[in-house]
């Protein structure tokens, strides 16, 4: 109670929302309002992340034309090659992209903390908590997603083992620099080494994918889709229009991408082109570009129309009035977010890069708002920001990961998209999500104060790392046993799938409870 009373005297608790008399409200009411606003921010974060994923998919599917001449026939041969390597796309763009809400939040927290010798607690707490949420609840959801009796396993076990090794090493490394080398202090070179290890992860994963001798694990690769976006499970009945603009041309999302991308992925391979076709193609290409521009603007305009529509064509066909009312109410709640994110250009333009960058800007803006609201919740309730970070913030920022992995586990023919992304994201959380903010703070302190960066709550963070390491070992052990005994990481007999899911959730509860008790000084 003493902490709650003290919260009223802290200047940062005076006001934040845009109405008068906020400070006159009871503490409980203010905490409820801030929590509701925080939840609304998470809804917006989930919405923009959906567009973010689609833009990444467009980027990673981009192919380029390589024109060669057949030495025997002198015919022009056009070859379409993927720009992105399958594994590098997973580690570089997908893992980084799915972790960007957490990375953005941690970086903003570090920038706000410039000028102080002590690091903020929101960033590291959120990233460690997010790693736990990714590993336990997301695995718990994915393992029960395949249909009863069906099994889905990782196709390239070697790459997964490499990524798993770097994921475990990331948390061992973090514990070493926090408790062994320079206890409770982060130096400039430690922060720099943390960031550089992300490059080593990329190199090692690529070496494993290419089966380089001496540095790769000699494991055979299973059947893997040719595209970065894996083939979809034909046994699953679903709506292709789950993305934000699915109602533009129902059931034709793939056709939209093929038409409006400068390089169609459906025509990969080789084909001969006569000289006459090459000469005559310039006029046709000009007309095609004009036609594409018109349709791009048409699609962009349709995004605003969809954002302003409270009842979709699907909900109109529902027989239940109650469900229709619920759907309209929900669309009314998220309408401001939908209208705001309609300004993000369609992901078909420039292979998705413009939508990718715009989505990053929106995610960063929401992350900044989340940090401010979290400060207010901590201030008015007296709850440690670190506790809020690895519980509410971690779950909220990882929610898009859960949705994406759930869809992948349900729709894809392999478990790579669902499981491998989790281990990659956890590595990125440390090497980039914690490394970059610490690098920013340590560089500032080194050049301005000639001082290192002090970690105020190093003991609590180190304890959380130990608990996470122990529980994650239990999680990975069960996944390996499922691979050996059942033949796949996901699916299988429903009883064992649900038993595994419950076990993973218990591990997450153990992590949250023990970490909270340590931060609160109970243990």
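Heads up, the Cβ atoms here are built off N, Cα and C, so glycines get one too.
Sequence annotations record features per position, and here Swiss-Prot assigns transmembrane segment to 24-44 (among others) based on sequence analysis.
Annotated transmembrane segment per Swiss-Prot: 88-108 (among others), in sequence order. Tertiary proximity for the transmembrane segment (88-108) is limited to same-chain residues at least six positions away from its ends with a CB under 8 Å from its CB atoms, namely 45, 49, 52-53, 56, 59-60, 122-124, 126-127, 130, 159, 163, 201-202, 205-206, 209, 228, 360, 363-364, 366-368, 370-371, 393-394, 397-398, 400-401, 404, 416, 420-421, 424-425, 427-429, 432-434, 436-437, 440.
The feature transmembrane segment is assigned by Swiss-Prot to 125-145 (among others), with sequence analysis given as support.
A Cβ distance under 8 Å defines the sequence-distant neighbours of the transmembrane segment (157-177), meaning residues of its chain 6+ beyond its ends; these are 87, 90-91, 131, 186, 190, 194, 197, 200-201, 204-205, 208-209, 211, 216-219, 221-222, 416, 419-420, 423-424, 426-427, 429-431, 434, 462, 465-466, 468-469, 472, 476. Look at Swiss-Prot and you will find 157-177 (among others) tagged as transmembrane segment, backed by sequence analysis.
Long-range Cβ contacts of the transmembrane segment (185-205) within its own chain (Cβ-Cβ under 8 Å, at least 6 residues beyond either end) map to 87-88, 90-92, 119, 159, 162-163, 166, 169-170, 173-174, 177-178, 215, 427-428, 430-432, 434-436, 438-439, 441-443, 446, 452-455. For 185-205 (among others), the entry in Swiss-Prot reads transmembrane segment, with the evidence type sequence analysis.
The annotation transmembrane segment is assigned in Swiss-Prot to 325-345 (among others) on the grounds of sequence analysis.
Remote same-chain residues near the transmembrane segment (349-369) are listed as 41, 44-45, 48-49, 51-52, 54-59, 62, 100-101, 104-105, 108, 260-263, 296, 340-341, 343, 397 (criterion: CB distance under 8 Å, separation of at least six residues from the stretch ends). The feature transmembrane segment is assigned by Swiss-Prot to 349-369 (among others).
Per Swiss-Prot, the feature transmembrane segment maps to 377-397 (among others).
As annotated by Swiss-Prot, transmembrane segment applies to 428-448 (among others), with the evidence given as sequence analysis. Away from its own ends, the transmembrane segment (428-448) comes close to residues 95-96, 99, 102-103, 106-107, 109-111, 113-115, 117, 119, 123-124, 127-128, 130-131, 170-171, 173-174, 186-188, 190-192, 194-195, 197-198, 201 of its chain (Cβ-Cβ under 8 Å, at least six residues beyond either end).
Here the transmembrane segment (461-481) has Cβ contacts under 8 Å with residues 124-125, 128-129, 131-132, 135-136, 139, 164, 168, 171-172, 174-175, 178-179, 386, 390, 419, 455, 489, 500, 503-504, 507-508, 510-511, 514-515, 518 of the same chain, all six or more residues outside its ends. Taken from Swiss-Prot, the feature transmembrane segment covers 461-481 (among others).
The transmembrane segment annotation in Swiss-Prot covers 495-515 (among others) and rests on sequence analysis.
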